[in-house]
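What follows is a set of notes on a single structure, which appears directly below.
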Amino acid sequence: MIPLTLSSPSLNRLVLSTSRYSHSLFLSNFNSLSLIHRKLPYKPLFGARCHASSSSSSSSSFTAKSSKEIRKAQTKVVVDEKLSSIRRLFSEPGVGIDAYIIPSQDAHQSEFIAECYARRAYISGFTGSAGTAVVTKDKAALWTDGRYFLQAEKQLNSSWILMRAGNPGVPTASEWIADVLAPGGRVGIDPFLFSADAAEELKEVIAKKNHELVYLYNVNLVDEIWKDSRPKPPSRQIRIHDLKYAGLDVASKLLSLRNQIMDAGTSAIVISMLDEIAWVLNLRGSDVPHSPVMYAYLIVEVDQAQLFVDNSKVTVEVKDHLKNAGIELRPYDSILQGIDSLAARGAQLLMDPSTLNVAIISTYKSACERYSRNFESEAKVKTKFTDSSSGYTANPSGIYMQSPISWAKAIKNDAELKGMKNSHLRDAAALAHFWAWLEEEVHKNANLTEVDVADRLLEFRSMQDGFMDTSFDTISGSGANGAIIHYKPEPESCSRVDPQKLFLLDSGAQYVDGTTDITRTVHFSEPSAREKECFTRVLQGHIALDQAVFPEGTPGFVLDGFARSSLWKIGLDYRHGTGHGVGAALNVHEGPQSISFRYGNMTPLQNGMIVSNEPGYYEDHAFGIRIENLLHVRDAETPNRFGGATYLGFEKLTFFPIQTKMVDVSLLSDTEVDWLNSYHAEVWEKVSPLLEGSTTQQWLWNNTRPLAKP
C-alpha cells in the first residue's frame, strides 16, 4: 500500500502546518501543571508546505481549483444540502462559530476508521483515506495529498474547492482559514478528533489574525445532520492474540512499559492509539476495517491499569485474560473521568501529544489546575508512590514524549517475524492462484471489471489458513485508473480490465500471524517502449533500495533517493513516500519509521523493523506503475566495521514474480539482472511447494524463468 505522504495520522498536521518542521511541540504551560517535553527519535509531527517544484510529467495543476472548474462541462451550481444544514448549526446556542473543521480521523487518530466515524467523507463526498474539510459560512474547501488529487477531482461537487496540499502556492488549511475569515472569527473543532499537537498549531496560526479556536466538547456538527442515517458503532467481540504469534506475554510487556514510565519520572501513561493497545494487551478486534483493533483507551499506572472499552465486546475468555494481567475494565465513554481521577490522585502522566486527542490533554490540564491546591504547592520532590488505596503523594504533572510502545511494537520479536514470513508465503500461494486465473480469463476475452478482479482475489486469499481480512481496500486499476494512486474501484463506476493497457494491483491481507502488502504491475498484451522504460526504472529503484547497506542509526529519508535515482536521471519522480512501517498482524501502516523524501522524520531504521519498498511512476490519465515488496531490517555482514559501527541491510519478506515482459533488459546492469534472476529463483524455491498438485505451479515456473542478459 502506498506510504502516506506523511506518517499516519499526518494529513491533519500537513494541512494545518505553517513550517517544514514541528515547531509547536510544547503546549502552553499548565500553570500548576509542570510540563516537560522529552526528545526522542521521532517522526515529524507536522507536515510542511512543499516549496520544491515538481519534476513529474504529471498534467495535474499545482494551484487550487474548484471541482466545478476542473469539470468544465458541469455548468449548474450544485446546492449542497449537507453544507446548508451544517452552516445553520453555526449560530446555535453553545456553538457560535464562523468555520468548522472536519478531519478524517476518529478519536484515536486512526488511518482506517469505522463507518460511523467517516464524517469527512459524509460531508464532502470524498472517500479517500486522508483529507481535511473546512466549512465556513460561504465557502467549503478540502485538502488532500498527491495520492488522491485525481480521486478528489472526480468526487467533489462544485460547492467544494480542492486544495492540493503540498503543492506550491497552495495554502495550508490554517493559513486559508486565517485569511478568509473576518478578524475575530471563531473556528470550531471537535476536540476528540484532533491531536493536541495539531490543535495547538492550528490555534497559533489563526491567532495571528485574531481568530479563536473553539472546542465543541458536547456536539459534533456532522453527527447532528447525519442523524438516523448514521451507521451504528461497531460491536464485534474482541479476541486474544495467541502467544505463539505475539512472542511476548502481557505481563512482560507491561513490566517493560512500567519501567519506562518510571525512568521518565512519571507514574502513569494514557494510550489511545488502537494498534498500541492491541499490541500491549495481546488482543485483536474487528472494529475498524482492515485493521485488527478495537476501540478502546488504556491507562497504565505503576501498580494498576484500566482498559476503557465497550463491555459488550469483551468475552469471558478476554475478561479472564485481562484479569490475569491485572487490568480493570471501564466504560469506553468514561475516559475523561479516568483522566480526571489521575489528576485527583496526583499522577505524573506521560503523554504523547502527537497521538492523544486534545480533549484528553485539555481535561488533564484543567484537572491538574483544579486539584493542585489539594497538594503541597511547595513540594519539589520526585514522585513517590503509595498503595492504590492511598493514591499518589505528589502534585499532578505531565511529561510530553513519544509513546514508548511505538518503538517496542515496531521492532519485531522472533515469533512476530516468523509469523510475518509464514503469512507472506501463504499469501504468495493465494496470489499465484489468482494471477494464473486472471491471465487465463483475460486471454479468453472475459469481460472482467476492476471490482470483479478485487473480489476474486479476496476469494483466493480467504482459502488460506489464518486469513482474517484484507489489510486495506484493494487498488485494482486498469489503464488510467492505475495513475490514481489510492484508487478504489466502485461497482457502478469502475472500468473493465483492458488487456491492451497496464494493470496495477496493490493489495494486502490480515492473517492471524501476519500482515501483507504487495503491488505488481503487469501488461496482458505488448507494452509500449515508454511503459517498459518507466517500469524498468521503477524496478531499478526497487532493486537499489533492496540492496542498500547502511550504518545503524540511519533514518529512512537517507535511503529514499536510492529508489528515485533511476527515475531522476530522466527527469521523472513520484508523489509519495517510498516505504512505510508494517505491523505484525496489526496495521498495514505503522510508525515511527518510514522511508520518505520528507526529511523531518529522524527515526533510525533498526534491526527487527519492517518497511515497504514501493517506488512507482504515474502519468495522469494514462497509466500507473508500482512495484512493492515488504522488507525486514536486519544486520548486514560487511568485511569492515568503520568506527565499530554495525551495518544494516534488508531481508525480503515478499516472494512473488515481477513480470519480466515489462523489463527493458538493455537498461539493466549485470548486477540488476542477477538480482532479478536470484529473486525469482527464491520465489520458485519458497512458493512452489505450496502449489503441489495444481496447474498454478506451472504458471509460477513460467513466471520465474531467468532473464537473459543483453
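Just so you know, glycine gets a Cβ as well, placed from its N, Cα and C.
As recorded in Swiss-Prot:
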- R147, H486, H580, H589, E614: peptide binding site (BINDING)
- D506, D517, E628: Mn(2+) 1 binding site (BINDING)
- D517, H580, E614, E628: Mn(2+) 2 binding site (BINDING)
- 1-79: transit peptide (TRANSIT)
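Positions of Swiss-Prot features highlighted on the structure.
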{"residue": "R147", "record": "peptide binding site", "CB count, 10 Å": "24"}
{"residue": "H486", "record": "peptide binding site", "CB count, 10 Å": "24"}
{"residue": "D506", "record": "Mn(2+) 1 binding site", "CB count, 10 Å": "26"}
{"residue": "D517", "record": "Mn(2+) 1 binding site", "CB count, 10 Å": "26"}
{"residue": "H580", "record": "peptide binding site", "CB count, 10 Å": "28"}
{"residue": "H589", "record": "peptide binding site", "CB count, 10 Å": "27"}
{"residue": "E614", "record": "peptide binding site", "CB count, 10 Å": "29"}
{"residue": "E628", "record": "Mn(2+) 1 binding site", "CB count, 10 Å": "24"}
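Across the structure, H486 (peptide binding site) and D506 (Mn(2+) 1 binding site) are spaced 9 Å apart at their Cα atoms.
Note on proximity: of the binding-site residues D506, D517, E628, the one nearest H589 (peptide binding site) is D517, by Cα distance.
A distance of 13 Å separates the Cα atom of D506 (Mn(2+) 1 binding site) from that of R147 (peptide binding site). In this structure, the CA atom of E614 (peptide binding site) is 4 Å away from the CA atom of E628 (Mn(2+) 1 binding site).
Annotated pair D517 (Mn(2+) 1 binding site) and R147 (peptide binding site), C-alpha to C-alpha distance, rounded: 17 Å. DSSP assigns E614 (peptide binding site) to coil in the three-state reduction, outside any helix or strand. Residue pair E628 (Mn(2+) 1 binding site) / H580 (peptide binding site) shows a Cα separation of 11 Å. According to DSSP, D517 (Mn(2+) 1 binding site) is assigned to coil rather than to any helix or strand. Apart from D506, D517, E628, the Mn(2+) 1 site neighbourhood in this chain, defined by C-beta within 8 angstroms of the site C-beta centre, holds M1, I2, I475, S507, G508, I518, T519, S612, E614, R626. Reduced to three states, the DSSP call for H580 (peptide binding site) is strand. Summarising the peptide site geometry, the residues cited as binding it (R147, H486, H580, H589, E614) extend over a maximum Cα to Cα distance of 15 Å.
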